[in-house]
Amino acid sequence: MCGIVGIVGTQPVAERLVDALKRLEYRGYDSAGVATIDNGAMDRRRAEGKLFNLEKLVSEKPLPGVVGIAHTRWATHGVPNEINAHPHFVDGVAVVHNGIIENFSELREELSAEGATFTTQTDTEVVAQLLAKYTREGLGHREAMLKMLNHVTGAYALVVMFQDDPGTLLSARSGPPLAVGYGRGEMFLGSDAIALSPFTNEITYLVDGDCAIVTRDGAEIIDFSGKPVKRERQISQATAFVVDKGNHRHFMEKEIYEQPEVISHALSHYVDFATRTVKDADKAIDFASLSGLAISACGTAYLSGLIGKYWFERYARLPVEIDVASEFRYREIPLVPTQAALFISQSGETADTLAALRYCQQEGLKIGAVVNTRESTMARESDAIFPILAGPEIGVASTKAFTCQLAVLASLAVAAGKARGTLKPGEEKQLVQQLIEMPRIMSKVLNVIQPQIEALSRDLSRFKDVLYLGRGTSFPLALEGALKLKEISYIHAEGYAAGELKHGPIALIDENMPVIVIAPHDRFFEKTVSNMQEVAARGGRIIFITDEKGAAASKLETMATITLPNVDELIAPMVFSLPIQLLAYHTAVFMGTDVDQPRNLAKSVTVE
């Protein structure tokens with residue numbers, strides 16, 4: 001969600017701060033700002049909308065100063081505008097904040113009763129007001145910071161700058177991630193290592209309850225009671241990647257076409273291409289002895305987990321409990337230590353998923369993290385890490401991270417089946433061979449289907465509502481297709497299990513309702529065709545996504561039929577992801593929406 005950067009440097013920092021914010025754009029935002037100290041005075045520039053608005057403002061009205069903080073805001077309290085954009089100033093205190101101050105209403109009332117004047121609608125301003133109040137009362141900056149931290153509740157990462165101490169930044173973490181970066185004669189703070197990667201690869205990740213006092217000479221880390229704590233300094237694997245679309249119009253398009261390559265790279269971590277066998281899974285989780293598996297995630301990652309459930313149950317005969325992370329820990333699920341839990345997150349920082357992870361830890365379960373960021377909080381708090389190796393994903397709507405999650409879950413399910421002795425003789429090699437061939441098949445599909453998808457998207461963009469149907473692993477894929485379309489085109493879309501059509505959704509079917517049916521020629525095909533006939537009988541416009549066998553077997557009239565190669569059931573979800581991603585992408589392009597950063601969405605959701 002919000003992104004934070006801070007620099008205590010030796011040269012002007014404003015442009016460097018804005019450049020670092022560009023590396024946090026993928027998290028989602030609706031406004032941005034930067035502040036510096038120069039000659040004992042603080043100044044700031046803030047702008048609503050895209051970062052180029054802030055960049056232009058800083059270019060027209062430069063900000064001198066070698067110490068500064070910057071922020072991209074995703075609105076939680078108060079509308080997205082310049083006034084509510086960070087940094088917030090109160091009496092010589094500047095604050096940037098990621099998260100939610102849960103008791104801000106109570107604090108705002110208390111401070112207002114004492115005479116404080118609030119100029120924004122944000123929860124963040126209470127932090128600046130409290131710090132200003134405590135320093136007026138005579139507390140030093142460190143003492144004021146600690147008193148404030150023990151007075152606010154919620155999830156937050158904070159960086160604070162005091163006008164009368166121009167060589168120091170104070171920071172704290174209680175929930176959302178925050179990292180300290182070590183340079184030569186300068187120091188950095190950032191929401192993640194990617195933001196700091198142009199400056200340094202030497203990182204310390206703060207943990208919940210840490211407060212860091214950062215100067216040019218280094219960082220002192222204390223807990224919220226003021227006691228010194230030691231945190232490991234490590235070399236980050238994040239690289240200063242170039243934020244470049246290449247020859248593509250959008251990052252999402254680029255990331256769709258990167259999938260064959262990144263999936264091949266991910267698979268090489270989990271399967272042996274020469275022997276056609278799975279590599280041993282992380283030994284921290286013994287799949288052979290498990291009585292069950294819990295899976296939890298949010299959004300697209302949750303839908304990859306739903307597909308993974310089918311695989312673990314089918315190939316490893318392993319019972320799987322799955323729920324969205326925001327509900328998981330509140331259900332009081334009867335868990336036992338003979339189970340393990342997998343948590344799936346592109347960023348590894350999703351707040352609800354982390355909360356569910358910690359719930360399972362308390363229940364004594366071994367924890368596995370399926371993440372794209374090895375240095376994330378989720379990875380650091382897990383017993384086993386299963387990296388998806390998708391590379392940086394900038395588009396808010398996940399594409400390559402989703403299919404890499406699927407590739408990893410498929411590999412783990414086969415590995416679990418091997419460990420548990422539930423695979424038939426020769427089945428491991430057969431399944432691994434399908435996984436090995438998958439990137440080639442996906443590349444072929446991408447080279448063939450775009451013209452048809454693009455033409456179809458023009459027609460689809462005229463409709464206000466769309467249904468997606470599927471059975472088996474195609475049901476979660478229908479949910480994912482609907483999610484993608486609504487995320488980036490803003491067309492209302494819903495996904496259903498095809499067998500549920502008669503239990504309600506069929507009431508919506510008429511000539512104004514496109515119905516996208518995902519149906520490879522598998523063991524569910526004939527039943528899905530029966531559902532298609534029910535749609536056709538009511539005038540629904542069918543878009544049929546199937547394979548060569550399915551196209552030959554169905555004689556129904558459709559609005560369009562997208563025909564893919566015949567593939568094994570194991571890899572079908574990855575291959576069939578491609579047309580639903582491209583369909584959503586091109587529909588959004590025709591509608592003129594912001595494909596890479598759709599309204600109201602954030603890439604990394606770090607608050608509950």
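Glycine is treated like the rest: Cβ placed from N, Cα and C.
Keep in mind that this is a model prediction, so the values were computed, not measured.
As annotated by Swiss-Prot, active site, nucleophile applies to CYS2.
Per Swiss-Prot, the feature active site, for Fru-6P isomerization activity maps to LYS603.
What Swiss-Prot lists as domain 'Glutamine amidotransferase type-2' is 2-217, and the listing cites sequence analysis.
Taken from Swiss-Prot, the feature domain 'SIS 1' covers 281-422, and the record attributes it to sequence analysis.
Confidence for the domain 'SIS 2' (456-598), expressed as mean pLDDT, is 95. Per Swiss-Prot, the feature domain 'SIS 2' maps to 456-598; the stated evidence is sequence analysis.
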Three-state composition of the domain 'SIS 1' (281-422), taking helix and strand from DSSP: 61 helix, 28 strand, 53 coil
Helix, strand and coil residues within the domain 'SIS 2' (456-598) as assigned by DSSP: 70 helix, 29 strand, 44 coil
Surrounding CB atoms that lie within 10 Å of the CB of CYS2 (active site, nucleophile), all protein chains: 30
DSSP-derived structure type at CYS2 (active site, nucleophile), helix or strand or else coil: coil
